[in-house]
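Look at TrEMBL and you will find 28-204 tagged as domain 'Formyl transferase N-terminal'. Positions annotated as (6R)-10-formyltetrahydrofolate binding site by TrEMBL: GLN114, PHE115, ILE116, ASP168. What TrEMBL lists as active site, proton donor is HIS132, CYS742. Feature annotation from TrEMBL assigns site 'Essential for catalytic activity' to ASP168. Feature annotation from TrEMBL assigns domain 'Formyl transferase C-terminal' to 233-337. Annotated domain 'Carrier' per TrEMBL: 359-413, in sequence order. Here TrEMBL flags 466-934 as domain 'Aldehyde dehydrogenase'. Look at TrEMBL and you will find 632-635, 665-670, 685-686, LYS792, 840-842 tagged as NADP(+) binding site. Per TrEMBL, active site, proton acceptor is recorded for GLU708. Taken from TrEMBL, the feature active site covers GLU708.
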Amino acid sequence: MGDQVKITLFRFSSQKTTNGNHHHEELKIAIIGQSNFAAEVLELLLERDHLVVGVFTIADKANREDVLATTARHHRIPVFKFSAWRRKGVPIPEVLEQYRSVGANLNVLPFCSQFIPMEVIDGAGYGSICYHPSILPLHRGASAISWTLIEGDERAGFSIFWADDGLDTGPILLQKQCTVYGEDTLDTLYKRFLYPEGVTAMAEAVDMIAAGNAPKIPQTEIGASYDPALFREENQYINLNQPAVRIFNFIRGLDSVPGALAIVEHEGREIPIRLYGASLSARRNLVGAKTIRLQGATGVAFVTREGMFISGSDGALVRVKRLKRGNRVIPAGQWFEQVDETKVKPLVLSDKEQEQDALLRSIWKSILKVEIETETDFFACGAGSMDVVRLVEEVKETLEVPTISNETLFMAPMYGEFLQEVIQRLRTGGGGDCGRITHFDYKQVVLKANRRQISVPTQLFINGQFVDAEGAKTLPIINPTNEQVICEVASASITNVDDAVRAADEAFRGVWSAVSARERGQLMYKLADLMEQHKEELATIESLDSGAVYTLALKTHVGMSIDAWRYYAGWTDKIEGSTIPVNPARPNHVLTFTRKEPIGVCALITPWNYPLMMLSWKMAACIAAGNTVVIKPAQVCPLTALKFAELTVRAGFPPGVINVVTGTGSLAGQALADHPLVRKLGFTGSTPIGKRIMASCAESNIKKCSMELGGKSPLVIFADCDLEKAVRLGMSSVFFNKGENCIAAGRLFVEDRIHDEFVRKVLKGIRTMKIGDPLDRATAHGPQNHRAHLEKLQEYCAIGLKEGATLVYGGKRVANLEGLFFEPTVFTNVEDHMYIAREESFGPIMVISKFHASDFDAMVARANSTEYGLASGVFTKDIQKALRFVEQVEAGTVFVNTYNKTDVAAPFGGFKQSGFGKDLGKEALNEYLKTKCVTIEY
């Protein structure tokens, strides 16, 4: 429900009488003032067919006129610009003469910073009406909005009054009010209510005067207040020795202009700062906080990554998000990192970037009308709010940087800082980070591919920082397309893993536990937005270090990752327990309910086939549930995980919540399985490795586990199916992602009546597949992930031939093509006892067996004759066959007349030695939650 508006009206006649006849004299309005507010009042009065005979505004500043003057000239209204109306307390004759020349009979003062002589105020026949942003007689004076907040008023509002010779003391024409919300600041209150409703009310007031029913309600002096002007710097200093709510109200009352003032005592220096973005904090445990001394405060303040925390005299805390030192606004949590920085660090620009610098300078110059230097301050040059909008829009359009925003300029008002923000965004493809760029200090590799230059970290990511591995140990990362080394990445030691786990544990017990479920969701949404902005980069990285076809990486590897983060972001504030009816011990009553709580530190070990997607499937649910995490991505392709880590910082995740340790499974992975502070481990990989991890989890501290392991998924194709669809999706079931797919159809059972035709159509389809560079948009089949895997596929095919299966296509590396390319392969006449009928290839190898439809149960038994039970599928037009198959097959996922159709809302996981536990869907949340039962007797 919107703000409740209260208007009190009393009849007042503006009619004049001549010889007993009543008539209206036409209003001739003079608008006196400045700013967008006055300009919008002018526009609205003209829309309502009022006659405006003149506009009186301030003189130009630095060759730039006020927007009211510009608007008036557009409508061909006479404009008069005065630097002052009086000289030594006496009205300036020539100014009065120019005012009188327009013949105004009503003065409208929407917003006016000048002192207007009473000769003007009383010089109009109908008088003068003024806008004042308070509920008069409260908060008379120049800083009314600020004092409304500073005094903790529950209601705010404005008054339109008839000007007299007092300070905001004239009779009231109308008033409107609104509720003051806890999150309101001077800016939000003005923009939400005082500005838009004030513009409309000024026009309403003029309408009432024209209609002859405008009231004049004398102001009472009961409860009247005159507040100090906050444009004076001496009145902007905050009293720190008062309750937290008073400190909070003072800060928000001056947010964002001019900002509450405080003095930091730092290493013998006194550093003035301004405070912005205040909130009352319920926090008591400031883990990892550093102390800071504010002059005049009896206690100390604290700085964490989340901001500065100021203690009130009552012991409660006020959190401050942003500080301004000099001309630069910084996140309050970065005080210690930036306190000794005195100037903008120079950028080293390429030739193209120098051209962009020149273009940006020209935009600034066209707005500010001054020569632009590195230290030129946008606002110190007299720029206003419309100039901010103009600059942002011109930069977006001219330099194609869509994420530049007003806040970017507020945080970087000097030209050198702003240039740095623009160049940083351009270097990352224009994506930015939904706000201020976080400047990282990390070792990186710059990937030049896909018409992009992509910076990717190569260090471990622990506690919000990129750090080297112990002993600077690294591992090579190979591009499977050409077998060249892309870069070296850090290889974590046991000590590194311990550091990451302890950082996650500290974050879980500290900063992360203070983040509400809904705030958690907002962070996840922001991360998903960043992934969306960087999706082309992420897909390119995925193609380079895992061999994924770019178009598939864009749609599935990255696209489904983004979907997962958004899906689970929506779940964060919907995780709930239940009430349980139990039998009480009479005559007492009993209330029993459950709580769903996060487990704590979770370890994730993910495979190499879908590097980013497997990370996201598991981690999104884990984070949504409120846990912290340490992930070890696959040894051979960790680069998207490291780029992802960078994005988590940009999204605002606190240090320690998400940690990435790259390295070997035998060392880093084993250290996670053994660590006593890890309470849950999620693993996707082979069944043999899964067994070892389960044993370690049991022996260390009986960790909760979820396992997504190997598969040998059966796909049954009956003769009554849609054959064209079965061929198309049957090929996809095997060759999707070059066969490196956990739910790939490891064995096809094709009814004997259509077997030969099915095989012919499959071979025809294979011959049309383009094999080659995964970055080529036409490529359908890329390289296998790494050499060891390629060699296993060659060995797998050799075993199939040796045991008597018929190789009808492929079975070898692609000739005359460098890189780890393996031909799509088809085996027929595969018998149940053969190795390739029982074991997973995890590659592009189609294994086909015939069956006769007369014995349905025998066919299902063959499909189930494996220790795996991850997925399955059936193609038939007979719904009875389909449902019987669904009932009898032993698999966690069953596809009917489709395949590979997964969705983030649908649970995913297997039976038997394919593992246990679920990824995706609501069920996955339970993998990362514990249930606490509470019973209360009363």
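Cβ atoms are placed via backbone N, Cα and C, with glycine included.
Annotations in TrEMBL come from automatic prediction, not curation.
A map of TrEMBL features onto the structure.
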residue : record                                      : CB count, 10 Å
PHE115  : (6R)-10-formyltetrahydrofolate binding site : 9
ILE116  : (6R)-10-formyltetrahydrofolate binding site : 22
ASP168  : (6R)-10-formyltetrahydrofolate binding site : 21
LYS632  : NADP(+) binding site                        : 29
GLY665  : NADP(+) binding site                        : 17
LEU667  : NADP(+) binding site                        : 18
GLY669  : NADP(+) binding site                        : 26
GLY685  : NADP(+) binding site                        : 23
CYS742  : active site, proton donor                   : 24
SER841  : NADP(+) binding site                        : 24
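Taken through DSSP, the domain 'Carrier' (359-413) splits into 31 helix, 1 strand, 23 coil. Across 28-204, 233-337, 359-413, stretch 233-337 shows the highest tally of CB pairs under 8 A with the domain 'Aldehyde dehydrogenase' (466-934). Considering only the residues assigned to (6R)-10-formyltetrahydrofolate binding, GLN114, PHE115, ILE116, ASP168, the longest pairwise Cα distance works out to 14 Å. On its own chain, ALA634 (NADP(+) binding site) has THR606, PRO607, TRP608, PRO611 as residues at least 6 apart in sequence with a Cβ closer than 8 Å to its own Cβ. Counting in whole angstrom, GLY669 (NADP(+) binding site) lies 66 from HIS132 (active site, proton donor) by their C-alpha atoms. Shown in sequence order, ILE58, PHE82, ALA84, TRP85 are the residues of the chain, 6+ apart in sequence, with a C-beta less than 8 angstroms from the C-beta of GLN114 ((6R)-10-formyltetrahydrofolate binding site). Residue density at LYS792 (NADP(+) binding site): 14 other Cβ atoms are found within 10 A of its Cβ, drawing on all protein chains shown. Cα distances from LEU667 (NADP(+) binding site) to the recorded positions PHE115, ILE116, CYS742 are smallest for CYS742. Excluding GLN114, PHE115, ILE116, ASP168 themselves, the residues of that chain whose CB lies within 8 A of the CB mean position for the (6R)-10-formyltetrahydrofolate site are, in sequence, LEU109, CYS112, SER113. When pLDDT values are averaged over the domain 'Aldehyde dehydrogenase' (466-934), the model yields 96. Summarised by DSSP class, the composition of the domain 'Formyl transferase C-terminal' (233-337) is 19 helix, 48 strand, 38 coil. Fewest other C-beta atoms within 10 Å: among the active-site residues HIS132, GLU708, that description fits HIS132. Within 10 Å of GLU708 (active site, proton acceptor), judged by CA to CA distance, lie the following recorded positions from the set PHE115, HIS132, ASP168, GLY665, CYS742, SER841: CYS742.
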